[in-house]
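Chemist: Take this structure first; my questions come after.
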């Protein structure tokens with residue numbers, strides 16, 4: 001590759017390639033049938049967020065006249081065009097897959113029906129449901145009677161109603177109705193019909209009731225067509241020094257609701273005169289991202305489709321395994337005193353962490369608890385345990401990131417609740433997002449104050465911990481806990497900058513530390529010593545880190561990567577990256593952990609981290625990677641990585657073409673997520689028998 005641009009895959013295109021892998025799961029006949037429907041929902045949800053965040057950013061760059069290629073690999077306009085074309089292709093694949101899945105459901109007597117396919121019993125049921133549940137929530141707006149088109153909320157579906165007189169088109173009425181999916185279920189189970197299980201969507205329930213809504217008008221036809229507007233979701237935080245950061249984020253959330261349009265999706269069956277009227281009134285007639293779609297939008301709601309199928313239509317439910325070092329302990333603190341603990345969830349329960357907080361809350365010798373919170377569960381047991389600690393006289397400090405995208409409102413709520421309970425709240429660090437996952441417990445033991453720390457790759461969130469693959473180190477190793485204490489001191493006093501010998505901390509020295517570790521592998525390779533790097537991340541985008549990996553590959557360092565999402569590195573290119581292999585695994589759980597293993601001349605160094613190798617993580621966030629020193633825990637991570645590298649069922653090869661070809665070979669079948677569970681289960685049984 002002589003052309004520099006070809007040495008990197010644009011991040012937006014790589015992200016779309018990742019979402020195509022999600023769509024592959026929906027297409028895969030080996031995935032349980034109703035799980036395939038959920039993957040269609042995940043694909044749609046991902047795409048909505050992509051437009052709100054990434055396309056919004058691209059549009060800002062275009063509007064500002066930015067031509068720099070350094071930011072996105074090629075010019076923003078070219079990227080936007082490629083994004084638009086790729087999304088249209090993916091939408092076409094989505095529609096075909098949705099049709100295929102629903103047809104297969106019908107062979108099992110499960111039907112998604114519309115308002116035209118109801119029997120008399122179902123019509124009677126819907127008339128009552130519409131009048132009691134739906135009609136009170138509807139606010140029809142007559143569009144020709146008002147000067148301005150109503151404000152469209154971000155990613156909310158609306159029906160544009162065509163109340164038409166064929167003999168007098170000029171007197172036809174147009175109306176707008178918001179589909180109230182925020183307060184009513186998107187899917188409603190209907191009474192069975194001749195042994196068929198039937199589900200109807202809220203949109204079609206509204207269509208069913210149109211005659212009732214518009215009964216006072218004289219018309220001979222009425223139609224309803226779905227539209228949805230996606231807005232730029234970036235927060236603009238002003239620099240008014242008279243306002244608290246809390247106030248600034250709260251105000252910015254209100255402004256986000258008025259963000260600039262970045263995509264308009266409409267029912268392709270919508271009559272031209274009605275579409276033209278709508279676009280003109282919205283002033284987006286020349287808008288680039290006008291996307292014709294099907295009858296239904298917000299397919300993300302399929303993630304919550306009713307559970308009406310047999311067990312075989314869903315993934316096998318596997319309960320979290322007991323941890324071999326914790327099952328015999330009544331006290332989490334005692335267990336951590338004996339040895340370092342490494343949790344692997346969802347294979348093991350996140351409840352162990354909550355148990356630790358609950359124990360610390362009532363332990364008379366615990367004096368303080370400090371924790372970072374980024375995304376918090378809706379009914380957070382973590383927060384409840386912290387409030388209980390406050391009630392028991394503990395000093396509780398919470399660093400809560402108010403700018404966690406799309407969780408800002410939730411975090412504002414929890415901030416107020418914790419503050420009212422008496423917690424000391426630190427709302428982030430000026431100019432940086434706090435993305436590290438840290439908990440620090442101080443306890444009086446004899447004449448000493450002993451510290452216990454938890455350092456994770458994922459959020460302290462019991463809901464996502466059931467779906468995301470992550471790791472958490474629990475330790476009282478003084479080298480590590482002392483440095484965790486330094487980080488919390490930095491949160492409280494931003495002018496205190498410390499050196500770190502053990503922890504790897506962004507933005508202070510993470511980039512330099514990882515570069516140094518790669519340089520060490522390069523030197524070893526040049527000297528003929530064993531040299532390799534094995535790493536797992538969500539995203540690899542940072543050009544400096546990619547260039548360093550290219551340098552290592554050229555020197556002969558063998559590099560194996562598991563990258564779930566965006567990968568701007570191009571592997572397997574002669575003279576550039578022939579020693580780099582990259583796979584991506586998309587399966588039942590979301591791969592979320594970050595693991596780094598450096599050969600170090602066969603004295604391997606292991607780290608788990610909250611950070612991907614992206615500019616934002618390395619330079620604009622407070623991130624923490626911790627070394628793993630316990631040999632048994634290193635072995636667990638090594639086995640974890642070996643299993644992932646061996647996956648030949650759910651792994652895809654990442655290459656220049658972004659074609660998402662599955663890894664297939666003659667080796668023993670390996671599905672990483674199933675085999676990791678089996679490994680931990682075997683480990684548990686081995687401990688039981690010894």
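Any Cβ shown, glycine's included, is placed from N, Cα and C.
Found this in TrEMBL, in case it helps:
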ACT_SITE  435  active site, phosphohistidine intermediate
BINDING   46, 468, 564, 592  ATP binding site
BINDING   375, 405  Mg(2+) binding site
DOMAIN    8-113  domain 'Polyphosphate kinase N-terminal'
DOMAIN    122-305  domain 'Polyphosphate kinase middle'
DOMAIN    332-496  domain 'Polyphosphate kinase C-terminal'
DOMAIN    503-673  domain 'Polyphosphate kinase C-terminal'
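Burial and contacts for the listed features, if you can.
Modeler: Annotation note: residue 435 (active site, phosphohistidine intermediate) sits in a coil segment as assigned by DSSP.
Under the DSSP three-state reduction, residue 46 (ATP binding site) is assigned to helix.
When other Cβ atoms within 10 Å of the Cβ of residue 375 (Mg(2+) binding site) are tallied across all protein chains shown, the result is 17. Under the three-state DSSP scheme, residue 375 (Mg(2+) binding site) falls in the coil class.
For the domain 'Polyphosphate kinase N-terminal' (8-113), the DSSP-based tally of helix, strand and coil residues reads 80 helix, 5 strand, 21 coil.
Per-residue pLDDT, averaged along the domain 'Polyphosphate kinase C-terminal' (503-673), amounts to 98 for this model.
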Chemist: To the nearest Å, how far is the Cα of residue 564 (ATP binding site) from the Cα of residue 435 (active site, phosphohistidine intermediate)?
Modeler: 19
Chemist: Cβ within 8 Å of the ATP site's Cβ centroid: which residues qualify beyond 46, 468, 564, 592?
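Modeler: Not counting the recorded site residues, we get 538, 565, 590, 591.
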Chemist: Across all chains shown, how many C-beta atoms besides its own are within 10 angstroms of the C-beta of residue 46 (ATP binding site)?
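Modeler: Here the count is 18.
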Chemist: Count the Cβ atoms, other than its own, that fall within 10 Å of the Cβ of residue 435 (active site, phosphohistidine intermediate), considering every protein chain shown.
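Modeler: Result for residue 435 (active site, phosphohistidine intermediate): 21 neighbouring Cβ atoms inside 10 Å.
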Chemist: Give me the CA-CA distance between residue 435 (active site, phosphohistidine intermediate) and residue 46 (ATP binding site), in Å, as a whole number.
Modeler: 21
Chemist: Among 46, 468, 564, 592, recorded ATP binders, what is the largest CA to CA distance in Å?
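Modeler: Farthest Cα pair among residues binding ATP: 15 Å.
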Chemist: Check each residue in the chain of residue 468 (ATP binding site) that is at least six apart in sequence and keep those whose C-beta is under 8 Å from its C-beta; list them in sequence order.
Modeler: 345, 346, 458, 589, 590, 592
